[in-house]
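What TrEMBL says about this one:
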type: BINDING; residues: K45, G52, R53, G54, E98, V101, E106; note: ATP binding site
type: BINDING; residues: N198, D212; note: Mg(2+) binding site
type: BINDING; residues: N263, G320, I321, M322; note: substrate binding site
type: DOMAIN; residues: 9-226; note: domain 'ATP-grasp'
Amino acid sequence: MNIHEYQAKEILSAYGIPVPRGRVALTADQVERAAKEMGGRCVVKAQIHAGGRGKAGGVKLVFHPEEAQNLAKELFGRSLVTPQTGPQGLRVRRILVEEAVEIAREFYLSMTLDRGSSRYILIASAEGGVEIEEVAAKTPEKIHTLSIDPLIGLRPYQARKIALALGLTGSVCEDCVSLILNLHKVLLEKDCSLVEINPLVVTKAGWLMAMDAKITFDDNAVFRHREYPDMMDYSQLDPLEINASKYDLAYIKLDGNIGCMVNGAGLAMATLDVLKECGGEPANFLDVGGGATREKVAEAFKIILQDGDVKGIFVNIFGGIMRCDIIAHGIIEAAAEVKCTLPIVVRMDGSQVEEGKRLLSESGLNVQCGDNLGDAAQRIVQMLKASNGDN
Ligand code: ADP
Ligand code: MG
């Protein structure tokens, strides 16, 4: 689960990490008032669930409340496209108005899960404010990492080593040690999978400050924090994803043209791999889980069909807990309801498979059943090629 920069900064601030003075606004008038409060000269920051806003025009220094208001009007009306949003961008619904800070130096600091070592890892660099991936690729020696032992935790001497590696000295170095330890506390106590400050800055007056903040909560721990659901900004999510979560379906948007309905995450991964191997491009994957009902399958099918990129549908279900005839009923019901004419290939196996196949073949839909996963994947790819050729 992602939250906005201003929400992440509220958390950091509660843990004693200095952030610029700011106010979040929902209208252009509020932006103007907030700018006045800051004394006119301030930074206007579009709040979207993506970084790279600065270069995309979503973070700007203004000198007048009126200028802030005009910029806000422009930002509220459009989607912001950054390298992290995809081509359609994300709608701006909230704007953070912040005091303009005189920056002397910018650093990068984050803590995240390293799946390889099953540990949290701290990443820091004196080259902050820019694409950290670029720094890592071109000048890996400028990235400092520290694997955090889950038993010992993060010790002050380790934090100090990082602060020194960033070139900090004296009291700013000690401020940085406290900041790193506090950030680690946020990471653990708030169940985060990522806390990132980019840039962490030293101001011209010599203060350490988090100028940007990104926090991702671990979805599996959201139930432990009652306040998290209220922090969610649904305008930043794909409407199909919201719909899918209502029915407890896992939906992931991808950029191809084959809609995939699968039961189980492992089978989903294998399905995507095999489709790719056959030259197909998945448009999404929708995991209906183990014991889905007929209604759930029908909802899943409808969600896939609402994705405008989908030109064909691939269903790969193993009927263990779920019976194949129930799946067939769900597909037929949903396809009839939304008048689906797209090519469908179904690979089913397990309980009641013959009955499921019979129901599908007698349904009048543009559907084929594959004998096995490889065969079925090839069929949907070929059906799509053939229908492309028709156009
Ligand atoms: P993003 O990472 O999405 O581009 P940031 O919040 O990091 O957005 O802002 C981009 C840049 O704008 C920062 O690297 C920093 O140099 C500058 N900046 C951001 N907030 C302020 C502020 N309050 N005062 C002065 N400069 C700022
Ligand atoms: Mg940033």
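Note: Cβ is positioned from N, Cα and C throughout, glycine not excepted.
Projection of TrEMBL feature records onto the structure.
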| residue | record | DSSP (3 states) |
| --- | --- | --- |
| K45 | ATP binding site | strand |
| G52 | ATP binding site | coil |
| V101 | ATP binding site | coil |
| E106 | ATP binding site | strand |
| N198 | Mg(2+) binding site | strand |
| D212 | Mg(2+) binding site | coil |
| N263 | substrate binding site | coil |
| G320 | substrate binding site | coil |
Original post:
Closest to N263 (substrate binding site): which of the binding-site residues K45, R53, G54, E98, going by Cα position?
Top reply: R53
Original post:
Of the binding-site residues listed here (N198, D212, G320, M322), which is spatially closest to E98 (ATP binding site) when Cα positions are compared?
Top reply: D212
Original post:
Could you give the maximum C-alpha to C-alpha distance in Å for the residues K45, G52, R53, G54, E98, V101, E106 that bind ATP per the record?
Top reply: 19
Original post:
Where V101 (ATP binding site) and D212 (Mg(2+) binding site) are concerned, what is their Cα separation in Å, rounded?
Top reply: 12
Original post:
For R53 (ATP binding site), what residues in its own chain, 6 or more apart in sequence, show a Cβ-Cβ distance under 8 Å?
Top reply: K45, A46, V59, L80, T82
Original post:
C-alpha of D212 (Mg(2+) binding site) to C-alpha of G54 (ATP binding site): distance in Å?
Top reply: 11
Subject >> binding-site residues compared (G52, G54, G320) - the one with the fewest other Cβ atoms within 10 Å >> reply: G320
Original post:
Ranking the binding-site residues V101, I321, M322 by other Cβ atoms within 10 Å, which is at the bottom?
Top reply: I321
